[in-house]
Amino acid sequence: MVRYGRRGTALLSVLLSGALALSPTSCGSDADAGDGRSLTYWSMWKENEPQARVLREAALSFEREHGVRVVIQWQGRDVMKKVAPALRGGVLPDLVDQDQSLVRATLVATGTYRDLSGLYGADVDGRRVSDVVSPRYGDLVREDGKPYLVPYEVIGYGLWFDGAALPEVAERPPNTWDEFIALLARRRATGAAPLALDGDISQYNALWTIGALQGALGRDRVNELARDPAGVAWRRPEVRAVLDAVAGLVRDGFFAPGHNGSRWPAVQERWSRGEADFLLMGSWAPAETGPKARPGFRYRFAALPSAGAQRYVPVEAIGFAIPRRARNPEAAERFVAHFLRDEHLGRISSVARNLTPNPALPVPDELADLAEATRTLPVARVQDGLAQDFPGYVEEVFWPANDQLLRGVTDVDGFLERLAARQANYWKKNR
Amino acid sequence: MAGRSTPAATGQVREAVTGAPGPAGTRPARSRRRTAPSALTPLAALTPLGRRRRRLFWPFLMPALALYAVFLVGPSLASLWISFHRWNGISDPEPRGLDNYRVLLGDTTFLGAFANTLVILVGVGAATFTLSFALTMVLRDMRGRRFARAVLFFPHIVAPVVLSVVWGFLFRSPEGLVNAAWRAVSGADGPNWLGEHLFLVIVVGLVWVNTGFYTTIIMAGVDRIPPDLYEDCALAGATGWQRFAHVTLPLSWDVVSTAAVLWTISSLKIFEFVYAFGGTTNDMPTPDVWNSALFVYGVTYGGRSPQYQYGYASASAVVTLATVTVLVVLLRRLTRRESVQF
């Protein structure tokens, strides 16, 4: 894996400047138009992933129908890190895909994305793109009202459990935090470890804290707390109460052993073998844990119970974006519209076993509860959009403080103190 | 050369060990800098050979100089220039004067990373060298030492990513091997290594990875020491420590000081082990265990949504580079000794 160290950065800068100086034709080539006979697409998938299969077959079908060849490069998850240097001066793809946070951090933050308003009005088998992509997802991927992404896969977050082992929970999942705690206490009394958490992954820890806060305070409120330059907004009593509830999960020993000192995927594997009840995770959970799950495991989903009035389903969209300087943007848009047809997009569900942004399409059995939840409950951005809106914030500010809270190393006061100091430091250098 | 010692050196050893002067009160021989015939001295220029050498000076020098300029001097100067700007790598750089440096010196994340770098440099360095010397002393007389040396060197060859996976298995709690052993011996649960003492485990890991490498280097230096000096020690009744302090260390000093500089420079570039061991599949390690190299990565490409702050990262690289330069110069001064000829 290529990582760039101190030298690497310096070298890269010079190479960039060199490329800039040596290739006046590629720089500022907004006027350069492609021939429209082919388009390049850098994908976040690896060739052997099911999504890649679906996309490749859609590309072949597009070529047959429109005579435009889609040249796909399977770049993998680091695709935006490869796009970034090319944005200044270099050969850019006409189409890329990644999750909304990374597209926002790379293309939107630098003002190099193409406004996809036109594409949202394009035709897909007699419907418009904006009809196919549910507005609940389409609205989450806009900057100043202009869409920068067309989602084709949706990740939803919540509690996963084995419906075969917990039929009464599957029947009536807990709605409120109190019901949830009562359920956990009952489960613990039977000797079961109620909650599974691979706490070395900071994002999994954050799903608990931010999920609980979203429910209690409402959507986008955590995002506001993070914007406070002094970092003291978190000390409000209503925030504190929720933090205390989260810390209570640790205090009361609801997390299965290993949550604070083991290595992923140890705990989630134990969960899939039936050694813990609930796993708070994204919709990749069934696919990731399925191969090791005990026979008869029935994947069920419930939105995280709320410590307030409303439950939310945190979601994150994965989709297509087009760099502003792309040479064949029209062809790329035509391909995106082509891919959104039911026969292609439906395979994201049937082949890649994931949720699509089109609620009318069938969903995989194991995601049926999640699909239902996204229809009946309001959606919110995962981690309340912190990673998306404030690059580096979760890594430098929230995660280090929150990890300690979820490990039981610190209490709410310690968390607030650490968070405030780190947040103040973050805003001092980012504004 | 190895296997033969001058009377002067032997005398010095005896003097050091027993306090008695060596034969005939000889002073230890000192190495003398030889003046190499320079291609540029007027005298050399007069001879036909000198003239030919002079003509060839630049053609021979240019390729290396050009490569050095393009790949080292250029990028370093570019970093310096970028460090005075706010630059996301995409839009035009925006001049910021010294602001990046001002912010940097108040940035607790950077200061923490810098402190970790120094802990690695000094702490890991001291532990590595102490261990390397200890191993050298043990291995010197051991049977099968080639094999032992190969085993010791092994961690240095294995990819840090692989090591970090193995270390993950060792130190995870409660089910890791280390804590299983801990329980077997003490009956109590061991510490939460990864959750609460991650940096300590990283430090120990780095010592383990590097000890084999520096043992090999130091042993190469110690192997050159003529065995009769040690026989001399034995005759003089020297203890193990005296043997080390008066023979081994002074006679391998040039190797040790070079190794120290090597370590200083390479310790600042440590990246993969911390990254792979401290981090997870998609994320960087927590900033608590970052060193300067990880800081640079963290504020440019790292993280789920990268920060792309090239100006700021360059400033931190410049600060680190400046510190290292000072440290290396200091280290060279501190370790400067007249090398003992033997």
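Using the three backbone atoms N, Cα and C, a Cβ is placed for every residue, glycine included.
Annotated features, as they stand in TrEMBL:
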| type | residues | note |
| --- | --- | --- |
| REGION | B:1-35 | region 'Disordered' |
| COMPBIAS | B:18-28 | compositional bias 'Low complexity' |
| TRANSMEM | B:56-82 | transmembrane segment |
| TRANSMEM | B:110-139 | transmembrane segment |
| DOMAIN | B:114-331 | domain 'ABC transmembrane type-1' |
| TRANSMEM | B:151-170 | transmembrane segment |
| TRANSMEM | B:198-222 | transmembrane segment |
| TRANSMEM | B:251-277 | transmembrane segment |
| TRANSMEM | B:310-331 | transmembrane segment |
Considering only Cβ pairs under 8 Å, which range in B:110-139, B:198-222, B:251-277 makes the most contacts with the transmembrane segment (B:310-331)?
B:251-277
Can you tell me which parts of the same chain pack against the transmembrane segment (B:251-277), counting only residues 6+ beyond its ends and a CB-CB cutoff under 8 A?
9, 117, 120-121, 124-125, 128-129, 159-161, 163-165, 167-168, 201-202, 205-206, 209-210, 214, 217-218, 220-222, 224-225, 229, 284-285, 289-294, 297, 320, 324, 327-328, 331-332, 335-337, 339-340, 342
Spatial neighbours of the transmembrane segment (B:198-222) far in sequence, C-beta under 8 Å, 6+ residues away:
116, 119-120, 123-124, 127-129, 131-133, 135-136, 139-140, 149, 151-156, 160, 163-164, 167, 171, 248, 251-252, 254-256, 259, 262-263, 270, 273-274, 277-278, 285-286, 288-289
